[in-house]
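**Student:** Residues or ranges marked as compositional bias 'Low complexity' by TrEMBL: 1-17. The annotation compositional bias 'Basic and acidic residues' is assigned in TrEMBL to 32-63. Feature annotation from TrEMBL assigns compositional bias 'Polar residues' to 254-268. Taken from TrEMBL, the feature domain 'Histone-binding protein RBBP4-like N-terminal' covers 65-132. Here TrEMBL flags 1-63, 254-288 as region 'Disordered'. Annotation comment: TrEMBL describes 288-330, 333-366, 382-415 as repeat 'WD'.
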Amino acid sequence: MESDEAAAAGAASPSGGNVTPAPKKRGRKPKSKDESQTQQEQEKSGGKMKESGKKTKQGEQSVDEKYTQWKGLVPILYDWLANHNLVWPSLSCRWGPQIEQATYKNRQRLYLSEQTDGSVPNTLVIANCEVVKPRVAAAEHISQFNEEARSPFVKKFKTIIHPGEVNRIRELPQNSKIIATHTDSPDVLIWDVETQPNRHAVLGAAHSRPDLILTGHQDNAEYALAMCPTEPFVLSGGKDKSVVLWSIQDHITTAGSTDSKSSGSIIKQTGDGGDKTESPSLGPRGVYHGHDDTVEDVAFSPTSAQEFCSVGDDSCLILWDARTGTSPVTKVEKAHDADLHCVDWNPHDDNLILTGSADNTVRLYDRRNLTSNGVGTPIYKFEGHKAAVLCVQWSPDKSSVFGSSAEDGLLNIWDYDRVSKKTDRAAKSPAGLFFQHAGHRDKVVDFHWNAEDPWTIVSVSDDCETTGGGGTLQIWRMNDLIYRPEEEVLAELEKFKSHVMTCAPKP
């Protein structure tokens, strides 16, 4: 069954290969059709076509072999899984507000992007997602998905023609219909996705008009973007080595409300998204200098709009406090052994901060004891990825659980509480790692825990290298027997022991 996405894409489809990326550029555009055909002819003339399934090193499983092994375990490992093939790669995925509740599933907004090769415009996509409730999906249904198809659970609702590719999407906690986007420019763009008109993404179409433009960077700001959980504040970092802070409230005071019950826009509408009316702009409350290279990610404290942190390509983690000026409160030199790509502040414990890096590790810091002799002293180093870590995020449901995704195509779920409880049974796996989502076959560029539906995650991979274009969106929830307390699980299994035995294959 094809979703609305197929119809919206029309005849356009991405083609194989990828252009050589700019330095430290994590998102890549598919090659144009002409480039792809040339590459395929060259590969054919050289003998065999390039195979994604061949082994690169002796004894190592190929991408396809790992995927096949994972797919066979899906009915056991997952309570629910929806696989949605994307026509174009998406570099960011975020949950929006829940809009409808039903007996067996809930409907929720989902924010994505389409990063095209230029044959059609780059877009910001608002989709409706049917989230199946726990213990509703049958094992047969979970296992029977086609990785080349588009899931019936994901339907495109609205398209916004974005001025440039969408590198990062973040929603405003006070009103998740308001989102911010980063593109390859110094500006942060603010959108009210409910009041924005739906657009048809055809070549030559005018860009949609942002509801608000946040200015203040002196160079491109592409990835570092955060929304404050306690106030309508926005934080950004960029190539100008600075961290910039805005308050949307500074603009709202005369234009509307961000109250979640409000149906109005955050600004007064003066025309549709395709007209030539200029968007209003807003300058920053503060610009913060302390990094020596590009700022790659930022995060707010869960308890204070004035406290935030940032990481960058200078291998530093910096803590800031807007109340004490624009200089760093604490600068952690050598927080990792390479560029830092991501950071997240624990929403349950404001002393704990996670960082992820190109050194393939995730590190956990306690803000009360960040350094020793000027060098970072993490509480623990989580070593389970085989390539650069691109995204880390704490679970909204359990304070010790977090996820990390990387260029190795894996999304790992960790529990810090399990580090000290490592048993012989888990001797071969890294300490704290208790679930590994291996459903993607290329770098997992983003993922997001669902705050409305515990233990449900949306993740997206950019598949340009392995499949020649497009991306894969997956929405999944692990089997609750994996994360619930052991005594609860054993009691439940004992209760249904007789039934389980009758289902077991006979020798």
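Using the three backbone atoms N, Cα and C, a Cβ is placed for every residue, glycine included.
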**Student:** Counting only residues 6 or more past its boundaries, what in the same chain has a CB within less than 8 Å of a CB in the repeat 'WD' (288-330)?
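**Tutor:** Counting only partners 6 or more residues beyond its ends, the repeat 'WD' (288-330) has Cβ contacts under 8 Å with 24, 221, 223-231, 233, 235-239, 241-245, 336-348, 350, 353, 355, 357, 365, 367, 370-371, 376.
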**Student:** Determine which residues of the chain contact the repeat 'WD' (382-415) at the Cβ level, with the cut-off under 8 Å and only residues 6 or more beyond its ends counted.
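**Tutor:** Apart from its flanks, the repeat 'WD' (382-415) reaches 26, 63, 338, 341-349, 352, 354-364, 429-438, 440-449, 451, 454-455, 457, 459, 461, 478, 483.
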**Student:** Give residue numbers and ranges for long-range contacts of the repeat 'WD' (333-366): same chain, 6 or more residues beyond its ends, CB-CB under 8 A.
**Tutor:** 24, 26, 223, 229, 293, 296-304, 309-313, 315-317, 374-376, 378-383, 385-394, 396, 399, 402, 404, 406, 414, 416
**Student:** So, by DSSP, how many helix, strand and coil residues make up the repeat 'WD' (382-415)?
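**Tutor:** Taking the repeat 'WD' (382-415) as a whole: 0 helix, 19 strand, 15 coil.
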**Student:** Looking only at the domain 'Histone-binding protein RBBP4-like N-terminal' (65-132), what is the mean pLDDT?
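**Tutor:** 94, rounded to a whole number.
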